[in-house]
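Worksheet: the structure to be examined is printed underneath.
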Amino acid sequence: MAMKASIKGKYDTDKTSGIGSLAFNAGDIKLRATMTDATLVAGPTLTGLALAVEKPGSFIVEYNVPKKDVRFQFMNTVRIAEKPLNLTYIHSRADNRTIVDGSLVIDSANKLSANHMVGTNNCKIKYTYAHGGLATFEPCYDLAKNTWDFAVSRRFYSGDNVRATYQTSSKLLGMEWSRNNKASGFKVCASVNLADELKTPKLTAETTWNLEM
């Protein structure tokens, strides 16, 4: 039985936190336990502990131990006019919330996605255009707010990825720099609210270490 472990540390201007996970592969089923720093610092306790059973590409069942909440996620792919449509159904029992997500891959460069919370008018439609496999442009329309969000990203052969986002509803401008490989990764984010008179930037940094046994 193969085992994978990962540790993620996060620092921002307000606090420092950590998340750890252990995953075991049992055939085509993956068993995963996730813990936050609150699980170990004060105890050990059950705070921040979540257990999950996953079959990649098919389903995920996650149990939040302290909240006694179950979250179901089911994935499937159908074909429309020979184009793959990836569907995801997510239901959280505690707040009785259901989300349906669909993504239609038109070709290698174009993708159309929609996300809808059942029983509400919350719906977002996003178009993704990938240029040359390195640059990506993503406009997103929020039907409930009648606003647009935009994201532009650029991937480099070194493994670095730079991403810029702008939310027109909140006037929030964000920048992100990340790098991921098999053993480790990091992400540095900066955001500023352009509607804020002071326009004070908020900085966060994440580091991830991966171990496979």
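We number each residue from 1, going along the chain as drawn.
Heads up, the Cβ atoms here are built off N, Cα and C, so glycines get one too.
If you check Swiss-Prot, you'll see VAL70 and THR120 are listed on opposite sides of the membrane. Same-chain residues lying 6+ beyond the ends of the topological domain 'Cytoplasmic' (65-70) with a Cβ under 8 Å from its Cβ atoms: 46-51, 92-94. Proximity of distant same-chain residues to the transmembrane segment (94-103), defined by a Cβ-Cβ separation under 8 Å and at least 6 residues beyond the stretch ends, is recorded for 64, 67-69, 85-88, 111-119.
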